[in-house]
Amino acid sequence: MAMVASPDDIVKSPLPPPPPPPPPPLPPAHKDKAAYNPYSGCPAHGGDDGLDGIVLVLRAAAALLALVAMALVASCRHGDWMEFTRYQEYRYLLGVAVVASLYSALQAARTFRRMRAGTAYAATFLDFAGDQAVGYLLITASSAALPITIRMRSAVVNTFTDVVAASISFAFLAFAALAFSALIAGFRLSSSSSSAYNY
């Protein structure tokens, strides 16, 4: 005769624990690509990549050097043939030095304001082209004034020729500062374009 187990004899096994809830979905990777515009600058990715200070120093140095070159040329008013206004090369050098000083000072102030605001510098085509254009003016002005200065100094060396030679040297140094600034702007512009369009 079969034995039927009573309910009390049945050992109730515990229920298995419920499965853990699924982890929350990961947020999508953040990419600053939509706002990129090469003519107005790419969006800042936050922080300073170490080049902002170099750009500021280069542009401030270019402004100061061009200002010194301008002051030196303008001071060459010694009468007779020692008047810078008698030579179109020196008038051109003076005009270019004024333009370079104003441009570099405005760009330095713009960079400094961005650094104070905590905004990462975004290179633009205008920065790149502006540095190249003003640098080209400086090197052409220096090259135009150099031959006539060499001819003068081969005949006579005085305060006029010394000051003009110093002005040419400062203009060339201002060109070098803007040339390095243009290199940095081109590098950062290329890097920003690559990161913005590299999916």
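Note: Cβ is positioned from N, Cα and C throughout, glycine not excepted.
Fair warning: this is a prediction, and the values are worked out from it, not measured in the lab.
Positions annotated as compositional bias 'Pro residues' by Swiss-Prot: 14-28.
Marked as region 'Disordered' by Swiss-Prot: 1-32.
The topological domain 'Cytoplasmic' annotation in Swiss-Prot covers 1-53 (among others), and the record cites sequence analysis as its basis.
Long-range contacts of the topological domain 'Extracellular' (75-91) within the same chain: residues 141, 144-145, 148, 158-160, 163-164, 167, each at least 6 residues beyond the stretch ends and with a Cβ under 8 Å from a Cβ of the stretch. If you look up Swiss-Prot, you'll see 75-91 (among others) marked as topological domain 'Extracellular', on the strength of sequence analysis.
Taken from Swiss-Prot, the feature topological domain 'Cytoplasmic' covers 113-127 (among others).
Sequence-remote contacts of a segment are chain residues at least 6 beyond its ends whose Cβ falls under 8 Å from one of its Cβ atoms, and for the topological domain 'Extracellular' (149-163) they are 72-73, 75-76, 78, 82. Among the features that Swiss-Prot reports, topological domain 'Extracellular' is placed at 149-163 (among others).
Here Swiss-Prot flags 185-199 (among others) as topological domain 'Cytoplasmic'.
Sequence-distant neighbours of the transmembrane segment (54-74) (same chain, 6+ residues past either end, Cβ-Cβ under 8 Å): 84, 90, 93-94, 97-98, 100-101, 104-105, 107-108, 111-112, 115, 121, 138, 163-164, 166-168, 170-171, 173-174, 177-178, 180-181, 184-185. What Swiss-Prot lists as transmembrane segment is 54-74 (among others).
The annotation transmembrane segment is assigned in Swiss-Prot to 92-112 (among others).
Taken from Swiss-Prot, the feature transmembrane segment applies to 128-148 (among others), supported by sequence analysis. Listed by sequence, the residues of this chain that lie at least six past the ends of the transmembrane segment (128-148) yet keep a Cβ under 8 A from its Cβ atoms are 66, 87, 89-90, 92-93, 95-97, 99-100, 103-104, 107, 164, 167-168, 171-172, 174-175, 178-179, 181-182, 185-186, 189.
Sequence-distant contacts of the transmembrane segment (164-184) (same chain, at least 6 residues past either end, Cβ-Cβ under 8 Å): 51, 54-55, 58-59, 61-62, 65-66, 68-69, 72-73, 76, 84, 90, 93, 96-97, 100, 104, 107, 123, 128, 131-132, 134-135, 138-139, 141-142, 145-146, 149, 152-153. What Swiss-Prot lists as transmembrane segment is 164-184 (among others).
In terms of DSSP secondary structure, the topological domain 'Extracellular' (149-163) contains 12 helix, 0 strand, 3 coil. Across the topological domain 'Cytoplasmic' (113-127), the prediction's mean pLDDT works out to 74.
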